[in-house]
Number of protein chains: 2
Amino acid sequence: MHDTLRINGQRLISRLERLGEIGALPGGGCCRLALTEEDRQGRELVISWMYELGLQVSSDAMGNVFGLRPGTEDSPPVMTGSHIDTVRTGGIYDGNLGVLGGLEVIETLNEAGIVTRRPLCVAFFTNEEGARFAPDMMGSLVYVGGMSLDDALATKGIDGQRVGDCLEQIGARGSEPVGNPDVHAYVELHIEQGPVLEESSITIGAVEKVQGISWQEFCFTGTSNHAGTTPMRLRHDAGYAAMATGSFVRELANRIGGDQVGTVGALQMEPNLVNVVANQASLTVDLRNTDNDRLKQAEAELLDFIERLAEREGIEVQHRTLARFDPVPFDTDMIDCVEASAKAFGHSVMRMPSGAGHDAQMLARVCPTAMIFVPSVDGISHNINEYTAPEDLEAGTNVLLRVLLDLAG
Amino acid sequence: MHDTLRINGQRLISRLERLGEIGALPGGGCCRLALTEEDRQGRELVISWMYELGLQVSSDAMGNVFGLRPGTEDSPPVMTGSHIDTVRTGGIYDGNLGVLGGLEVIETLNEAGIVTRRPLCVAFFTNEEGARFAPDMMGSLVYVGGMSLDDALATKGIDGQRVGDCLEQIGARGSEPVGNPDVHAYVELHIEQGPVLEESSITIGAVEKVQGISWQEFCFTGTSNHAGTTPMRLRHDAGYAAMATGSFVRELANRIGGDQVGTVGALQMEPNLVNVVANQASLTVDLRNTDNDRLKQAEAELLDFIERLAEREGIEVQHRTLARFDPVPFDTDMIDCVEASAKAFGHSVMRMPSGAGHDAQMLARVCPTAMIFVPSVDGISHNINEYTAPEDLEAGTNVLLRVLLDLAG
């Protein structure tokens, strides 16, 4: 039907750069934490673009914003979008691409005079990053009914301020109840934030699922001893237990294989002196898998290892779950559609999981959902050096165009 | 000759407790950092006891103090002693026992009217702990000529003050040149500061040597990555490298066996976040052995492991030696004398290395030297819970009495 239709890559990049000026950091990248003055300015700019493109703009009590383009029939829209808040040292692509890619599709359709059967909707959700207010993906979580509006509004941030007050302060609290509009399907364009596409020289990722996440904290308590006078056999070394756990996590992830990853990113030892055996050591373990059974297996093996280790070393261990999310599978037909659209443009494409969390995983609770990934140079994100090549931005947005046309008829 | 002679255990303990009141901490233990006001008061008290016992008191330009008891002949004295400075959260036995045990021997000889052939000398050396001024064992190091007086006096402490100024301020700078008096032999009574004697239910340690010490620091630089989006095979995880090194050090120490110990007491990761692969990690490795060849072997194996690890993981490593001391063997005849003296009293005795540094290892450079260890409950030292049972303090001091009588004739 519209096989020759293409988005305008330069126009897309201009919008990304213009939005990136708000909260721009001296060395590059930007800082637009959720519900700050910078976020207010970013929202104002994106909403002004929505109006310019003729969209019907609404926002809900959680500050989620929706730009609707009517179709020939009055039915729930096909939605695309993401978020425009960033982490403290963020890039200009994470989240923003999904929103501005959606606007670029709208402008392309406007120019071509194409009206879809179903309405289209470009959305951005409040506080996806969670860098100021936990949990992350808060706006989309409330939108799908996974968290009450009251709980979200009462959430205090790292600066002690409440979400509800901040929404009021920046004038972002909308008049619509949360959960509107109803949505027919959701597709989100996003940078990969990892190195897989680049390493495989592939342009488009058809995201099949979001990894399940298990965050745990272990605190070992042993005995502080002199590093010179205490024979190895008489030690109760909390630091050794923590380091041995770190080595085990690597071995475990490699052994389970597939999508399994395992990371010990944080570790503290006490008293942390060169010549004192540590009496306290705590560490975090981040385990992820797209297969929940394997994730549970990894968790069980880790616990078993630590219990045997603690008994052998004569040390106490305390255990706390910091976060646990099951994997989220996306819709098979939607994934097929992303893959077919990429191939139609002659782009290389691979099915892959998402290692990071996205608003799409919340939307998947209420409608058929999928995601389109484009490569991140060096896999870098949440960093001022985050970068995706112009041709990849353009390729991903063309795929988004085609998927939206396909879904909206 | 004097087989029925015994020291007075209660008198010894009274002095230990009285000295422990100076710098006493609220929860027990005491803080008498070198060359502070508390150190001044401690010195004043111990010197007053020396005068009470009729000793000829002198002090050198480094603040080392000597209490001489003349013999029937005018020859270099047999010396005993230790130090009276403590760490910030020290006990009342570490160091103090060696000095006050020496005074108790003098008082016992005074009461019995015994005059030895060679003079006896009870000494305490400045800044053994090194808790305020590095290096530790500074006073005895200067005394044996291992560090120039000028360098020592110019040393700045953790509070920015210089040793020389502090010596002046507390009136501890003596009139004697360093290196006086000449010494015939040196024996030092000390708490073990480790768990070996207690674990073996043995009362007296005849110390054969002081362990060689190797302190090294390794800094790994990898790449910071997202813990969810970065497959295991694409990681350059500095934190993993540090933790794997910690596991290796344990394996290495166990494999080499004997006196070998190995400790990773300090480790830092950057950015130290649950969901970020660490791009920086540094750790210290403390290796000790009484056999220098084995210590060198341990160092070589560690370096080899780390170089292969860094290459395999694709990370950079920087390496720095923080300290390196060869093992110090004590005098065979002196060790035999300690062992025989313990047996003469019916005490259980074992030959053992010292895992910690002591003034005796400096004196060993200039005269025949040995040490007598008594048990530390739970191996605890440098801690307000440091404790040695009264009967063990008494046993050790009786052995000191006998060794001194044997050496002084």
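Note: Cβ is positioned from N, Cα and C throughout, glycine not excepted.
Curation does not apply to TrEMBL; its annotations are automatic.
TrEMBL annotates B:His83, B:His190 as Zn(2+) 1-binding residues; of B:Asp60, B:Asp74, B:Asp94, the candidate listed for that same site is B:Asp94. Binding of Zn(2+) 2 is attributed by TrEMBL to B:Asp94, B:His382, and the same site annotation extends, among B:Glu73, B:Glu107, B:Glu111, B:Glu129, to B:Glu129. Across the structure, B:His382 (Zn(2+) 2 binding site) and B:His83 (Zn(2+) 1 binding site) place their CA atoms 14 angstrom apart.
For chain A, the nearby binding-site residues by a Cβ gap under 8 A, listed in sequence order, are B:His382, drawn from B:His83, B:Asp94, B:Glu129, B:His190, B:His382. A sphere of 10 angstroms centred on the C-beta of B:His83 (Zn(2+) 1 binding site) encloses 28 other C-beta atoms. Neighbour counts of Cβ atoms within 10 Å were compared across the binding-site residues B:His190, B:His382; the minimum falls on B:His382. Classification of B:His190 (Zn(2+) 1 binding site) by DSSP places it within a strand. The two recorded residues, B:His83 (Zn(2+) 1 binding site) and B:Glu129 (Zn(2+) 2 binding site), show a Cα separation of 8 Å. B:Glu129 (Zn(2+) 2 binding site) sits 10 Å from B:Asp94 (Zn(2+) 1 binding site), taking the Cα positions as reference. Counting every protein chain shown, the number of other Cβ atoms lying within 10 Å of the Cβ of B:Asp94 (Zn(2+) 1 binding site) is 27.
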